[in-house]
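**Student:** This is the structure I want to talk about, given as C-alpha coordinates.
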Amino acid sequence: MDTPRRVEHQQTDRGYIPVYATGVIEQPWASYSATDHGVWAQLFRRQREILPGRACREFLDNVERIGLGADAIPKFDDLNRVLRRATGWELVGVEGLLPDHVFFDHLAHRRFPVTWWIRKPEQLDYIAEPDLFHDLFGHVPLLMNPVFADYMQAYGRGGMKAHGIDADALMNLTRLYWYTVEFGLIRTGEGLRIYGSGIVSSKGESIYCLESDAPNRLGFDLERVMRTRYKIDTYQQTYFVIDGFEQLFEATRPDFAPIYAKLKTLPAYPAGEVLPGDRVYHRGTGEGWVRSGDV
Ligand SMILES: C[C@H](O)[C@H](O)[C@H]1CNc2nc(N)[nH]c(=O)c2N1
Ligand SMILES: N[C@@H](Cc1ccccc1)C(=O)O
Ligand SMILES: [Fe+2]
(Lines of atoms letter the chains of each structure in order from A and count residues from 1; the text may use other names and numbers.)
(Lines give C-alpha, C1' and ligand atoms only; values in the text may rest on other atoms or scores of the structure.)
(Ligands and ions follow the chains in the order given, each with its own letter.)
Protein backbone atom coordinates (compact mmCIF):
# COMPACT_ATOMS: atom_id res chain seq x y z
CA MET A 1 0.00 0.00 0.00
CA ASP A 2 1.68 3.22 -1.11
CA THR A 3 1.90 6.15 1.28
CA PRO A 4 -0.36 9.08 0.39
CA ARG A 5 1.09 11.87 -1.70
CA ARG A 6 1.55 15.37 -0.30
CA VAL A 7 0.01 17.97 -2.54
CA GLU A 8 0.89 21.26 -0.86
CA HIS A 9 1.50 22.92 2.51
CA GLN A 10 -1.00 25.17 4.22
CA GLN A 11 0.11 28.08 6.45
CA THR A 12 -2.02 27.87 9.60
CA ASP A 13 -2.02 28.87 13.27
CA ARG A 14 0.17 25.85 13.89
CA GLY A 15 2.76 26.57 11.21
CA TYR A 16 2.86 24.62 8.00
CA ILE A 17 0.93 21.41 7.80
CA PRO A 18 0.87 18.99 4.88
CA VAL A 19 -2.36 19.27 2.96
CA TYR A 20 -3.40 16.34 0.84
CA ALA A 21 -5.54 16.07 -2.24
CA THR A 22 -9.09 17.10 -1.40
CA GLY A 23 -10.94 14.49 -3.45
CA VAL A 24 -13.16 11.73 -2.10
CA ILE A 25 -12.01 8.15 -2.83
CA GLU A 26 -13.48 4.67 -2.44
CA GLN A 27 -12.02 2.72 0.51
CA PRO A 28 -9.55 0.28 -1.11
CA TRP A 29 -10.48 -2.40 1.41
CA ALA A 30 -9.06 -5.31 -0.59
CA SER A 31 -5.64 -3.60 -0.70
CA TYR A 32 -5.16 -3.60 3.09
CA SER A 33 -2.37 -5.96 4.12
CA ALA A 34 -2.38 -8.36 7.08
CA THR A 35 -0.07 -5.83 8.75
CA ASP A 36 -2.65 -3.07 8.23
CA HIS A 37 -5.39 -5.20 9.80
CA GLY A 38 -2.98 -6.09 12.60
CA VAL A 39 -2.31 -2.42 13.35
CA TRP A 40 -6.08 -1.77 13.53
CA ALA A 41 -6.56 -4.78 15.84
CA GLN A 42 -3.75 -3.74 18.17
CA LEU A 43 -4.88 -0.10 18.38
CA PHE A 44 -8.53 -1.10 18.87
CA ARG A 45 -7.76 -3.69 21.59
CA ARG A 46 -5.48 -1.26 23.45
CA GLN A 47 -8.07 1.50 23.48
CA ARG A 48 -10.90 -0.90 24.41
CA GLU A 49 -8.72 -1.90 27.36
CA ILE A 50 -7.93 1.54 28.78
CA LEU A 51 -10.91 3.73 27.83
CA PRO A 52 -13.58 2.37 30.23
CA GLY A 53 -13.39 4.76 33.20
CA ARG A 54 -11.60 7.37 31.08
CA ALA A 55 -13.82 8.02 28.03
CA CYS A 56 -17.36 9.35 28.45
CA ARG A 57 -20.28 6.95 28.32
CA GLU A 58 -21.63 8.45 25.10
CA PHE A 59 -18.41 7.50 23.31
CA LEU A 60 -18.08 3.97 24.77
CA ASP A 61 -21.73 3.06 24.14
CA ASN A 62 -21.54 4.14 20.52
CA VAL A 63 -18.35 2.17 19.79
CA GLU A 64 -20.55 -0.86 20.52
CA ARG A 65 -23.66 0.42 18.75
CA ILE A 66 -21.88 1.12 15.46
CA GLY A 67 -20.36 -2.35 15.68
CA LEU A 68 -16.63 -1.59 15.63
CA GLY A 69 -14.55 -4.70 16.29
CA ALA A 70 -10.91 -5.70 16.56
CA ASP A 71 -10.67 -8.44 13.97
CA ALA A 72 -10.20 -6.27 10.84
CA ILE A 73 -10.32 -2.73 9.46
CA PRO A 74 -14.06 -1.98 9.15
CA LYS A 75 -15.66 -1.50 5.75
CA PHE A 76 -16.99 2.05 5.28
CA ASP A 77 -20.01 0.62 3.43
CA ASP A 78 -20.95 -1.55 6.41
CA LEU A 79 -20.61 1.34 8.84
CA ASN A 80 -22.54 3.68 6.54
CA ARG A 81 -25.59 1.39 6.59
CA VAL A 82 -25.74 1.75 10.38
CA LEU A 83 -24.70 5.41 10.56
CA ARG A 84 -27.09 6.65 7.86
CA ARG A 85 -30.02 5.01 9.62
CA ALA A 86 -29.01 6.40 13.03
CA THR A 87 -28.25 10.06 12.19
CA GLY A 88 -28.03 10.48 8.41
CA TRP A 89 -24.23 10.80 8.49
CA GLU A 90 -21.91 8.91 6.18
CA LEU A 91 -18.17 8.28 5.95
CA VAL A 92 -16.27 9.28 2.84
CA GLY A 93 -12.72 8.12 2.08
CA VAL A 94 -10.04 10.81 1.70
CA GLU A 95 -6.28 10.92 1.18
CA GLY A 96 -5.60 12.41 4.61
CA LEU A 97 -5.49 15.86 6.21
CA LEU A 98 -7.82 18.22 4.35
CA PRO A 99 -7.72 22.01 4.17
CA ASP A 100 -9.96 23.34 6.95
CA HIS A 101 -12.67 24.73 4.68
CA VAL A 102 -12.85 21.48 2.68
CA PHE A 103 -13.13 19.55 5.93
CA PHE A 104 -15.90 21.79 7.24
CA ASP A 105 -17.76 21.57 3.93
CA HIS A 106 -17.97 17.80 4.37
CA LEU A 107 -19.31 18.22 7.91
CA ALA A 108 -21.87 20.75 6.66
CA HIS A 109 -23.24 17.97 4.43
CA ARG A 110 -23.14 15.23 7.11
CA ARG A 111 -20.15 13.57 5.52
CA PHE A 112 -17.25 12.65 7.79
CA PRO A 113 -13.93 12.38 5.92
CA VAL A 114 -11.99 9.26 6.92
CA THR A 115 -8.40 8.78 5.78
CA TRP A 116 -8.18 5.54 3.78
CA TRP A 117 -4.69 4.45 4.99
CA ILE A 118 -3.70 3.28 8.47
CA ARG A 119 -0.41 4.07 10.23
CA LYS A 120 2.61 1.75 10.12
CA PRO A 121 3.47 -0.51 13.10
CA GLU A 122 6.37 1.78 14.03
CA GLN A 123 3.92 4.70 14.26
CA LEU A 124 1.63 2.82 16.64
CA ASP A 125 2.04 5.22 19.55
CA TYR A 126 2.22 8.45 17.65
CA ILE A 127 1.45 9.86 14.25
CA ALA A 128 1.50 13.57 13.36
CA GLU A 129 -1.53 13.57 11.04
CA PRO A 130 -4.94 11.91 11.08
CA ASP A 131 -4.93 8.33 9.80
CA LEU A 132 -7.82 5.86 9.49
CA PHE A 133 -7.69 4.91 13.15
CA HIS A 134 -7.90 8.51 14.37
CA ASP A 135 -10.64 9.54 11.96
CA LEU A 136 -12.72 6.37 12.29
CA PHE A 137 -12.28 5.21 15.88
CA GLY A 138 -11.81 8.76 17.22
CA HIS A 139 -14.57 10.67 15.45
CA VAL A 140 -17.22 8.30 14.11
CA PRO A 141 -18.77 6.73 17.25
CA LEU A 142 -20.08 10.06 18.56
CA LEU A 143 -21.75 10.69 15.19
CA MET A 144 -24.20 7.95 16.22
CA ASN A 145 -25.48 10.32 18.93
CA PRO A 146 -28.26 12.43 17.34
CA VAL A 147 -27.53 15.58 19.34
CA PHE A 148 -23.77 15.38 18.69
CA ALA A 149 -24.50 14.58 15.02
CA ASP A 150 -26.53 17.80 14.67
CA TYR A 151 -23.81 19.74 16.46
CA MET A 152 -21.14 18.49 14.07
CA GLN A 153 -23.20 19.55 11.05
CA ALA A 154 -23.68 22.99 12.64
CA TYR A 155 -19.90 23.08 13.10
CA GLY A 156 -19.43 22.44 9.42
CA ARG A 157 -21.80 25.26 8.51
CA GLY A 158 -19.99 27.51 10.98
CA GLY A 159 -16.70 26.61 9.33
CA MET A 160 -18.00 27.57 5.90
CA LYS A 161 -19.30 30.84 7.35
CA ALA A 162 -15.95 31.58 9.04
CA HIS A 163 -14.13 30.73 5.81
CA GLY A 164 -16.33 33.34 4.11
CA ILE A 165 -15.46 35.97 6.71
CA ASP A 166 -11.65 35.80 6.84
CA ALA A 167 -8.62 33.70 7.85
CA ASP A 168 -8.74 34.92 11.47
CA ALA A 169 -12.34 33.80 11.84
CA LEU A 170 -11.49 30.37 10.43
CA MET A 171 -8.45 30.13 12.74
CA ASN A 172 -10.62 30.94 15.77
CA LEU A 173 -13.08 28.26 14.78
CA THR A 174 -10.37 25.63 14.22
CA ARG A 175 -9.03 26.43 17.74
CA LEU A 176 -12.54 25.85 19.12
CA TYR A 177 -12.73 22.59 17.17
CA TRP A 178 -9.29 21.58 18.43
CA TYR A 179 -10.03 22.15 22.13
CA THR A 180 -13.48 20.51 22.02
CA VAL A 181 -14.06 17.91 19.29
CA GLU A 182 -10.39 16.90 19.15
CA PHE A 183 -9.13 17.38 22.73
CA GLY A 184 -12.15 18.05 24.94
CA LEU A 185 -12.77 16.82 28.49
CA ILE A 186 -16.17 16.69 30.20
CA ARG A 187 -17.11 16.69 33.92
CA THR A 188 -19.30 13.86 35.16
CA GLY A 189 -20.47 12.67 38.59
CA GLU A 190 -17.56 10.22 38.55
CA GLY A 191 -14.98 12.89 37.66
CA LEU A 192 -13.42 14.11 34.42
CA ARG A 193 -13.96 12.04 31.28
CA ILE A 194 -12.67 12.26 27.70
CA TYR A 195 -14.82 13.07 24.67
CA GLY A 196 -12.11 14.48 22.31
CA SER A 197 -11.28 12.31 19.29
CA GLY A 198 -7.59 13.20 19.29
CA ILE A 199 -7.35 11.85 22.84
CA VAL A 200 -9.42 8.65 22.54
CA SER A 201 -7.36 7.55 19.51
CA SER A 202 -4.10 7.86 21.49
CA LYS A 203 -3.21 5.49 24.35
CA GLY A 204 -0.60 7.81 25.81
CA GLU A 205 -2.76 10.90 25.77
CA SER A 206 -5.83 9.02 27.10
CA ILE A 207 -3.82 8.42 30.28
CA TYR A 208 -1.85 11.69 30.37
CA CYS A 209 -4.85 14.03 29.96
CA LEU A 210 -6.51 12.79 33.18
CA GLU A 211 -3.56 11.68 35.32
CA SER A 212 -0.60 13.96 34.63
CA ASP A 213 0.06 17.06 36.74
CA ALA A 214 1.70 18.78 33.75
CA PRO A 215 -1.26 20.11 31.73
CA ASN A 216 -3.70 22.83 32.75
CA ARG A 217 -7.36 21.84 32.93
CA LEU A 218 -9.49 24.95 32.51
CA GLY A 219 -13.22 25.49 32.62
CA PHE A 220 -14.61 25.93 29.09
CA ASP A 221 -15.07 29.54 27.98
CA LEU A 222 -15.71 30.21 24.30
CA GLU A 223 -13.56 33.30 23.80
CA ARG A 224 -10.81 31.95 26.03
CA VAL A 225 -10.61 28.88 23.80
CA MET A 226 -10.58 30.94 20.59
CA ARG A 227 -7.62 32.95 21.95
CA THR A 228 -5.55 29.88 22.85
CA ARG A 229 -2.97 28.65 20.35
CA TYR A 230 -2.24 24.93 20.05
CA LYS A 231 0.47 22.58 18.79
CA ILE A 232 -0.31 19.52 16.72
CA ASP A 233 2.78 17.50 17.53
CA THR A 234 2.78 17.17 21.34
CA TYR A 235 0.36 16.21 24.08
CA GLN A 236 -1.80 19.22 24.88
CA GLN A 237 -0.53 21.71 27.49
CA THR A 238 -4.09 22.81 28.19
CA TYR A 239 -7.40 20.91 28.19
CA PHE A 240 -10.73 22.71 28.34
CA VAL A 241 -13.40 21.05 30.48
CA ILE A 242 -17.11 21.34 29.69
CA ASP A 243 -19.72 20.78 32.40
CA GLY A 244 -21.87 18.82 29.94
CA PHE A 245 -22.62 18.59 26.23
CA GLU A 246 -25.50 21.05 26.66
CA GLN A 247 -23.02 23.73 27.74
CA LEU A 248 -21.08 23.19 24.50
CA PHE A 249 -24.18 23.19 22.30
CA GLU A 250 -25.49 26.35 23.99
CA ALA A 251 -22.15 28.17 23.75
CA THR A 252 -21.89 27.51 20.02
CA ARG A 253 -25.49 28.49 19.15
CA PRO A 254 -25.06 32.28 18.87
CA ASP A 255 -23.82 34.03 15.72
CA PHE A 256 -20.02 34.07 16.01
CA ALA A 257 -19.49 36.97 13.58
CA PRO A 258 -19.49 39.65 16.34
CA ILE A 259 -17.16 37.47 18.43
CA TYR A 260 -14.72 37.10 15.53
CA ALA A 261 -14.79 40.89 15.07
CA LYS A 262 -14.10 41.48 18.77
CA LEU A 263 -11.25 38.95 18.87
CA LYS A 264 -9.46 40.62 15.94
CA THR A 265 -8.47 43.40 18.33
CA LEU A 266 -7.29 41.06 21.12
CA PRO A 267 -4.08 38.99 21.38
CA ALA A 268 -3.96 35.19 21.41
CA TYR A 269 -2.15 33.22 24.16
CA PRO A 270 0.45 30.46 24.09
CA ALA A 271 -0.98 26.99 24.66
CA GLY A 272 0.31 26.57 28.22
CA GLU A 273 -0.69 29.96 29.68
CA VAL A 274 -2.98 30.32 32.73
CA LEU A 275 -4.69 33.73 32.94
CA PRO A 276 -6.43 35.73 35.68
CA GLY A 277 -10.06 34.64 35.62
CA ASP A 278 -9.37 31.11 34.41
CA ARG A 279 -11.29 28.41 36.29
CA VAL A 280 -8.44 26.00 37.05
CA TYR A 281 -9.44 22.41 37.82
CA HIS A 282 -7.19 20.99 40.54
CA ARG A 283 -7.01 17.19 40.40
CA GLY A 284 -5.71 17.03 43.96
CA THR A 285 -8.83 18.63 45.43
CA GLY A 286 -11.20 16.44 43.39
CA GLU A 287 -14.02 18.66 42.16
CA GLY A 288 -12.22 21.87 43.10
CA TRP A 289 -12.29 24.77 40.67
CA VAL A 290 -10.10 27.68 41.77
CA ARG A 291 -9.79 30.98 39.95
CA SER A 292 -6.18 31.57 38.95
CA GLY A 293 -4.78 34.27 41.23
CA ASP A 294 -7.05 33.05 44.08
CA VAL A 295 -4.26 30.92 45.48
C1 LIG B 1 -10.89 21.84 11.36
C2 LIG B 1 -9.59 21.55 11.97
O3 LIG B 1 -8.53 22.23 11.37
C4 LIG B 1 -9.25 20.09 12.01
O5 LIG B 1 -7.92 19.96 12.52
C6 LIG B 1 -9.42 19.34 10.71
C7 LIG B 1 -8.46 19.71 9.60
N8 LIG B 1 -8.49 18.70 8.52
C9 LIG B 1 -8.81 17.41 8.78
N10 LIG B 1 -8.72 16.47 7.79
C11 LIG B 1 -9.02 15.17 8.06
N12 LIG B 1 -8.91 14.26 7.07
N13 LIG B 1 -9.41 14.76 9.31
C14 LIG B 1 -9.52 15.65 10.33
O15 LIG B 1 -9.87 15.26 11.48
C16 LIG B 1 -9.22 17.02 10.08
N17 LIG B 1 -9.30 17.94 11.09
N1 LIG C 1 -22.70 29.42 15.90
C2 LIG C 1 -21.46 29.43 15.14
C3 LIG C 1 -21.35 28.15 14.28
C4 LIG C 1 -20.98 26.93 15.12
C5 LIG C 1 -21.93 25.98 15.44
C6 LIG C 1 -21.61 24.83 16.19
C7 LIG C 1 -20.28 24.64 16.61
C8 LIG C 1 -19.31 25.63 16.30
C9 LIG C 1 -19.67 26.75 15.53
C10 LIG C 1 -21.40 30.64 14.16
O11 LIG C 1 -22.34 31.36 14.08
O12 LIG C 1 -20.40 30.81 13.51
FE1 LIG D 1 -9.61 14.64 13.98
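Every residue, even glycine, has its Cβ placed from backbone N, Cα and C.
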**Student:** Please identify which of E90, E182, E190 is recorded by TrEMBL as part of the Fe cation site containing H134, H139.
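**Tutor:** Candidate listed by TrEMBL for the same site: E182.
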**Student:** Suppose the Fe cation site is H134, H139, E182. Which further residues of the same chain have a Cβ inside 8 angstroms of that site's Cβ centroid?
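**Tutor:** Near the Fe cation site, beyond H134, H139, E182, sit P130, D135, G138, V181, G196, S197, G198, S201.
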**Student:** Taking the Cβ of H134 (Fe cation binding site) as the reference point, list residues of the same chain whose Cβ is under 8 angstroms away and which are at least six residues distant in sequence.
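**Tutor:** Looking at Cβ-Cβ distances below 8 Å from H134 (Fe cation binding site), excluding near sequence neighbours, one finds T115, I127, S197, G198, S201.
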**Student:** Sorted by position, what residues of the same chain at least six away from H139 (Fe cation binding site) have a C-beta under 8 A from it?
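**Tutor:** Expected: F112, V114, V181, S197.
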**Student:** Relative to the Cβ position of E182 (Fe cation binding site), how many further Cβ atoms are located within 10 Å?
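**Tutor:** Other Cβ atoms found within 10 Å: 20.
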